[in-house]
Amino acid sequence: MLQTQQEATILLSKLLKIPPLKALTLFKSSTKQGLQQTHQSFSIIIHQLISYNSLSNAQSLILQLLSCKITSPHFTVSSLLHHLTHTQFLNSTPLYEIIINAHVQSQLVEKALIFFNQMIDKGLVPSSNTFNSILSCLIKNESFEKGWLIFQESIGKEFLDMYSFGIVIKGCCEYGDLNGAFVALAKLKQMGWRPNAVIYTTVIDGCFKHGDARKAKELFSTMEIEGIMPNQYTHSVLLNGFFRQGLKTDGFELYEKMKLDGVFPDIYTYNSLINVYCSDGKVNKAFELFDEMRRNGVAYNVVTYNTLIRWLCQEKRVLEAEKLVDQMKWAGLHPNLITYNTLIDGYCSVGKVEKGLTLFNQIKSYGLTPTSITYNTLIASFARAGNPSKIVDFVREMEERGIYPSKVTYTILIDAFARSNDMEKALEVFSRMHKAGLIVDICTYGALIHGWCSQGNMKEASKLFLSMSEYHLEPNNVIYNMMIFGYCKEGSSYRALKLLKEMVENGMIPNGASYCLTIEVLCNDGKWKEAEVLVNGMMKFGLKPSVSSCDLIQKAKNVTA
């Protein structure tokens with residue numbers, strides 16, 4: 001509908017005469033009908049709503065303007081906002097605040113800052129909420145330095161409050177500026193304010209994230225000295241921090257103190273304790289806590305169950321682990337992919353590959369999508385079972401589902417083909433890995449070198465061994481021992497001895513088998529003196545030479561005599 005000057009005049013007169021909310025309804029309906037709004041009509045409705053203290057409705061209109069849901073050939077967003085902020089009867093704190101908050105909500109924080117500065121220049125005082133919304137948005141949008149600068153410029157201003165300090169302190173901790181967090185905390189105290197438990201907990205958490213448990217403990221003591229009661233979350237942060245940094249004694253002491261102080265552990269505290277007990281091999285102790293949770297009315301979550309299931313599977317107690325999965329379902333919790341991946345791995349690790357496959361099929365029937373971890377677990381299990389055709393099927397299925405084989409997948413395949421003495425296919429997979437842009441690692445090389453050494457093809461094994469440096473990889477003790485085994489197998493005492501010495505020079509200790517095999521080939525070549533040197537070397541590392549190695553040296557001596 002084309003707008004005429006008469007229609008615009010009629011709308012303006014109606015907006016001025018009717019109550020604000022009715023005026024808003026008229027404004028919206030006229031906009032939907034195609035009437036093009038003007039500076040005057042928008043100014044009147046905003047003024048009406050602000051006067052009626054209907055700030056949320058006024059802000060909603062500004063948001064629609066910013067998102068281009070309200071447009072007109074008579075104005076641009078910039079020209080309209082300029083008109084609003086320079087109209088005498090609208091030039092007020094509420095107007096600026098709805099404009100600023102609408103820009104923050106639209107993630108236009110730089111524009112929000114322009115209006116904020118205009119507001120300050122005009123002597124208008126923003127509310128703490130408006131300032132904090134800008135501060136929070138800057139930090140969340142990774143403009144921490146700008147947020148920190150505005151915060152410092154605002155110290156002493158009446159709109160700065162405790163929450164402002166909380167936002168900045170949290171930002172400092174998240175962006176790695178722990179010193180800044182302590183500066184802000186000190187400034188808070190200088191201003192005569194008393195930090196609350198939330199602020200202290202934030203800094204304590206920041207200390208742990210940056211590996212400074214000592215400062216975290218000091219802050220916790222400061223809280224108690226200042227009479228600030230730590231809340232349940234404070235205790236959880238401390239407990240988790242201690243355990244993450246391996247300070248188990250501190251963690252358990254805190255747990256006992258919590259109980260004495262009447263602070264009941266929450267789900268996060270219990271989950272941390274259960275995980276620590278399990279990692280120490282005290283799974284039964286973890287189950288005692290599991291029972292304690294029930295008695296104290298703390299509801300289990302999926303993490304609680306998954307932690308116990310994982311450690312039961314590691315102890316080969318897969319039947320108990322599966323019972324826990326059933327218990328989860330009875331409790332109304334839904335086992336997730338982590339649950340099933342853990343259980344599949346558990347069954348596969350005890351040789352029950354078919355059971356793992358059954359669970360895999362269950363996942364799909366439940367509408368869950370297997371991940372690369374699920375496939376890798378099964379591929380590795382069928383590789384150990386010597387079933388290469390099933391492995392190929394899994395890889396094909398992965399690709400059909402749009403799951404690209406990872407470096408781990410390729411390495412498992414290479415190892416499977418190498419162990420099946422099919423080096424042609426192993427090298428084919430190695431080539432595909434390169435084409436996929438994946439960087440080979442020490443495990444990939446180890447699988448191929450093992451394959452060639454097992455076949456006695458030391459020429460190819462040596463090529464791979466030497467090519468590792470091209471990828472800036474250093475052979476580990478496993479690869480060295482493989483190569484030594486291969487050279488000993490072909491009777492090359494010189495090359496085996498050279499690698500043995502190289503290992504020691506690089507700070508590695510050859511295993512007993514490498515020593516004994518090298519001693520054997522040296523004795524076969526009549527090099528009993530070099531063999532004796534190796535025996536002495538073994539003993540320095542605390543390895544005891546076998547009786548057969550000593551007999552071989554003696555026989556070699558006798559032959560020479």
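Including glycine, each Cβ sits where the backbone N, Cα and C put it.
Straight from TrEMBL, the features:
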REPEAT    92-126  repeat 'PPR'
REPEAT    161-195  repeat 'PPR'
REPEAT    196-230  repeat 'PPR'
REPEAT    231-265  repeat 'PPR'
REPEAT    266-300  repeat 'PPR'
REPEAT    301-335  repeat 'PPR'
REPEAT    336-370  repeat 'PPR'
REPEAT    371-405  repeat 'PPR'
REPEAT    406-440  repeat 'PPR'
REPEAT    441-475  repeat 'PPR'
REPEAT    476-510  repeat 'PPR'
REPEAT    511-545  repeat 'PPR'
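Mean pLDDT across the repeat 'PPR' (336-370) comes to 91 in this model.
Secondary structure of the repeat 'PPR' (92-126) per DSSP (helix as H, G, I; strand as E, B; remaining residues coil): 26 helix, 0 strand, 9 coil. For the repeat 'PPR' (301-335), the residues of the chain that approach it from at least six positions outside its boundaries are 267, 270-271, 274-275, 278-279, 283, 286-287, 290, 293, 342-343, 345-347, 349-350, 352, judged by C-beta separation under 8 angstroms. A Cβ distance under 8 Å defines the sequence-distant neighbours of the repeat 'PPR' (476-510), meaning residues of its chain 6+ beyond its ends; these are 442, 445-446, 449-450, 452-453, 456, 458, 461-462, 465, 517-518, 520-522, 524-525, 527, 530, 534, 537, 541, 543.
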